[in-house]
Every structure is written in structure tokens, then in C-alpha cells.
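Reading through the C-alpha cells given below for one structure.
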């Protein structure tokens, strides 16, 4: 165990957002937003705000002139010198132009204006156009939570944001982790609720959803596998004049893959052909990726080969790959589809006996499709096939099929997974020789390979190579290094990398915090883990989840600090986070280590209550009740072990019954050994008083029942339980 050291987390401001594109146009996009507040009240409010806090007309005019001339930098410098707020027109235009720059500095400056207005209760000075552009800029830069708060603030203030603004935020939320997809659906519903309030189409013409907006929210549904919500939203599209396009059906392919309906993939393709939706290679790539995800590499290979041969009968090929055994099975499947939600999404499912459709044109596979199949080989550990695919791609006549940096990175990943770090290095050198630049992902894969093999010095060499190549390490790079330090039991090194990451203005993620907490918890320093947790709570960019709470609980339980662990669990509950099996498992292990069997009884009572919720009704939607719990073998075995050692036989039998109810086989051999070693001479004293014997009667009955379950001699067999000296010596 490492010696405790001084904990030093350097708190830095959020890193500048990374801009993926550079906009060089001279004027902001023509987004227009409609305010829906009472016009007279808004005008009065705006007028009073303007007159009460107005700059001299000459300074306002100078600022406006600079903005009209697109001299945004000069306008910002003038604004920074102002002790009073400019008028609403100048403020809105300045925020719009700063947001439209699509740079880290521009976004930071726009955010500072928002913060100043919020502090002075003057947010109403900004118009909807400026707020919408700020939301788009924040979403593009990865500040999804900030962008969401801007759109919600607009809705709360009575504005209707432009569809391109709110749909971009929905799209970002749909692809973010944690509760992002759920928040995307909530935001979509909030906008639609506001839009539906107006009958005048002219008012909502710029805010009503388009196909892109529906694709964004449908993607959120697909990411969480919510088929019913997907169907509901898909059915709403015609109401707003939105027609499903190729992307809509690509998202439907993702949904089928997420809910493990491989049999439906071909029918999505046929539906697109039947509806006349223009096909593209992205759709075929989605299909190949879906089959690879299912582990069905044979079908994926056949599909790619058919594309190489210029065949149009892909639908027939895919149908044959999931052929039903007989006509009766086909009939049953058609009937099931009629009543299924997918039967409504894909009407062509009703009669699966119809002739498969053909593609309107044939498609040649490109490097993206080949690489996707190669990833399937890599995941399956088929390194030889991965290399063979690379060589085949090199020989293709079509340049779009030649290997790119993603292809080579996949080969490197295959070698790393197989433990062949030297061969992975050779591929990296080959990339440099043929001038295919390695990217951040390539180096991160190598980094992970060395860390998992406990070669931290070589991992540090990779970091130096990255920087020399002009590639800056990201949060994933540092998370990998921190995890590597944990594997070699170096919590001090983990903290060093964490602080180095923050010095580089790289924002820690949830994984960064929990990994560092794991380092301290594993080295027996739960108080330091608690300090990391406190920093995590203060970070507005990170959402503290159950994993972080559990890491903290585990840190204390590993040392047997049950009271601290229980205090943390109570705080969890107060914050609306309910313990899961992992939480209870850590606590049970801590109780065993601390030798506090009475705490095990309290824990078992709580677990029984959570299990009873499942029996009483899973349909309950009450948010005040904790979710039902399904205990696992580790948790129940730990509790049963404690109870047997403490001679709580009745509770031990309750836990064993729970194990059997959940299909878990109790370790009878272990419990028999514990009983013989610790309790074989219980209740054998002949000198106990009558009153004491009466008090022990209930415990004795429980012990006899437990022995009966173990198969040891007991009163149920009508024999006396005793152990002879020879047996005593053995035990």
C-alpha cells in the first residue's frame, strides 16, 4: 500500500471549447426567431431597461457601427471598456456575431455577456436570434448542457427558438452519455408543447419541426431502445409535413440492432426501396455494421461480397440468411408482426412471403464498409483475417476502397488486443512510411495496450511521440494513464497525471474522477477518494452518477469503516440516488470485515423490502419509491456467510430461500464447514438454568432447521447431535 500523501487538486477553469469547423463567412446566418410573449409588456420592459441603463448615444452608435462593419474584435474591446450596458440592439448583435465566429474565444466572450446580464437581471435585453445562435455555437463546441439551458431559458421566457437551433441541441443530447437521450426527448417534447399552442402557422413557421429535428429525436429513441416512443414520433411526422428520408431509416436500422431484432433489418431496406427513398452507401454501411454488431460475420461477408460483384439482390441474400424453416413458421411470424409495433413501422412485415425487392442500382463497397467488416474480425480475435482484409483493400482499383487511417487503426487495435505490441508498432511505422497520418485514436489504442500490460514507461513514450507528432493528448489519453497507474498500485502517479491533465486545460470527465477515486480506494485512502468526489460535485460539466457513489462506498468498506459507508449511502438516498446491488455488496463485505453482524441484519431487512417491491408490482410509477432490486450471488452469499458465522440461523435460512428463489445455488459445502468449525458444540451445556434454556429454545429450533438443510444430524431425524473427538480433531 502506498504511503498517504498530500492531496492537491488544482482547480482550473473550464477548457476552451474545441471548434470542429471554421466559419469564414462575413455575416451571421439568417436564422429568425419568434417571440411569443405579450408584445406590449415586452416593449414596456425593454423600453424601461433601455432608458434606465443606457450608454451615451455616441458610444452606442460607435458600437453599432463597428458591428455593422463586421469588426467584431473592435466591438468587443469597446464593450469591455463600457461601465454601463449597451442598448438591446447592440447587445443582441454582439452576442450573435461572437457566437457565429465559432471559435473558443468567441463563445467564451458571448457567455461572459450572458453571465453579466444574468447577474444584473437584464437577460430580457437579448433577442431570440442571438440566444439561438449562442445555443448552436455551444452545442457545436460540445457544451451541450449549456446549450440546453439556453433553449430552456428561451422557452421559459416565451421565445420560440428556430428549428435549426433547438434541433441541433436535441441532436447533441441524443448522442451524449448518461441521460442525454432522455433529456433530448424531454427537450423535443417541451418545444413541441409550445409550438402546438399556436394555430397561426405564420407564428411558428421557423420553429416547427422538420425532418432533421425528427431524425435527431428518433436517434435518441434508438439509442435507448424505446420502440414505442420511436413509433409515436414516427407517426407524427406527416402531421408537420415531414417525410422520412434515408437518415430516418438508418436510425431505424440502429433501433432494430439495439433491441436485438436482426430479423427486421432486411425489411427496413425493402421499405426504403418500396417507398422510393434514395439509397446511399451509408444505409448499406449501417446494415453491415448491424450484422457485425450481432456477431453475424458470415452475413456481413456475403453482403460485402455481393456488393463487390455488383449484385442488386441484397434483399434476397439477407432474407436467405434468416430463412424460416417451414410455411407454418412463416405464417406465425406474419401474425406476430401484425400485432407488433414494428409491424406498424414496417407494413411490409405483414406478408413476409412476398418477393424480395431489388436495389435500384448496385453499390461498390468503400473503405468505410470494408473497415467495418474488419472491425468485426478484430472483435472476434481473427487477426489473420484483419490483416488479409487490409492487403485486399490495398489491391483495389477504386481509390475510395483503399485503406485509410481508420483502417490502419483497426489493424493496430487487433494486434493490441492480441497482445502483439511489436506488430502494432510496425503498422504505425508503415503508416508513417506511406504518409497516412496516425490520429489521436491510433495513439490512444497503443497507450491502452501498454498500460494493460503494466508497461507504463512505454506508455509515457507514446505520449511523447504524440506531442512530437503535433497531436495533443486528450482526456481519454490521461484516463488511460491514470488507469494504468492503478494497475501497478501507484496512486501518487495517478494523481500526478490528473493534475497534469488539468494544467493542460483538459476538462476531466466522469471517468477521470471515478478512476482517480478508484486509485485512492484501492490503496486504502478513502478520505482522498472523498476529496476527489467533492471536486466532482463542484464540477458543473460532470454529472455524479451511481458509479461514483459506489466507488466512494467501496473505499470505506475495504477498510471496514461501516459507519462512514452508511453515512454516504444515506446521503445518496437524500439526493435521490438509490443503492444498487454493487452498493449493498460493498457494504456487506465491509460489515464482514468489521465483524458487525447486527448491521448485516439491518441490511438484509432493507434488501428484503426492495425485493418485495418487485413482487408487489413493477408497474408502480411512484417516483418516491426506490426501484425494485434483484440481488446477485455475491451479495446474498456475503450476507449468508455473516449470518451463519454469527449463529443467526433463521436469517441465514431466509437468505438461502431468497437465493433459491432467484435461481442461485447456495454453497452448502461452505456453510457446512463454517457450522462444524464454529457451532458444533452449541446448546450442549448441561449447567444452564431453566430460564436460560427457555430463552435459547427459539435459537435452537432455528439451528436444528439449519442443520436439517445442511444434511447434518438434527432433531428432525430423532437423533442426538454430537461430534466425537476424532471429528473434532479433523475440524
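Yeah, the Cβs are placed from backbone N, Cα and C, and that goes for glycine too.
What TrEMBL says about this one:
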type	residues	note
REGION	1-55	region 'Disordered'
COMPBIAS	19-55	compositional bias 'Low complexity'
DOMAIN	58-177	domain 'At1g68980-like TPR repeats'
REPEAT	210-244	repeat 'PPR'
REPEAT	245-279	repeat 'PPR'
REPEAT	366-396	repeat 'PPR'
REPEAT	404-438	repeat 'PPR'
REPEAT	439-473	repeat 'PPR'
REPEAT	474-508	repeat 'PPR'
REPEAT	509-539	repeat 'PPR'
REPEAT	545-579	repeat 'PPR'
The correct DSSP tally for the domain 'At1g68980-like TPR repeats' (58-177) reads 91 helix, 2 strand, 27 coil
On the DSSP side of things, how many residues of the repeat 'PPR' (545-579) fall into helix, strand and coil, could you say? 25 helix, 0 strand, 10 coil
Is it true that the repeat 'PPR' (509-539) and the repeat 'PPR' (545-579) have 3 or more CB pairs under 8 Å, sequence gap of 6 or more? yes
Hey, which bits of the same chain come close to the repeat 'PPR' (210-244), Cβ under 8 Å, at least six residues off its ends? 163, 166-168, 170-171, 173-175, 180-182, 184-185, 188, 251-252, 254-255, 258-259, 275, 277, 341-342, 344-345
How do the residues of the repeat 'PPR' (509-539) split into helix, strand and coil according to DSSP? 26 helix, 0 strand, 5 coil
Could you put numbers on the helix, strand and coil content of the repeat 'PPR' (474-508), residue by residue per DSSP? 26 helix, 0 strand, 9 coil
Sort the residues of the repeat 'PPR' (366-396) into helix, strand and coil with DSSP and give the three counts. 25 helix, 0 strand, 6 coil
Grouping DSSP H, G, I as helix and E, B as strand, the residues of the repeat 'PPR' (210-244) number 28 helix, 0 strand, 7 coil
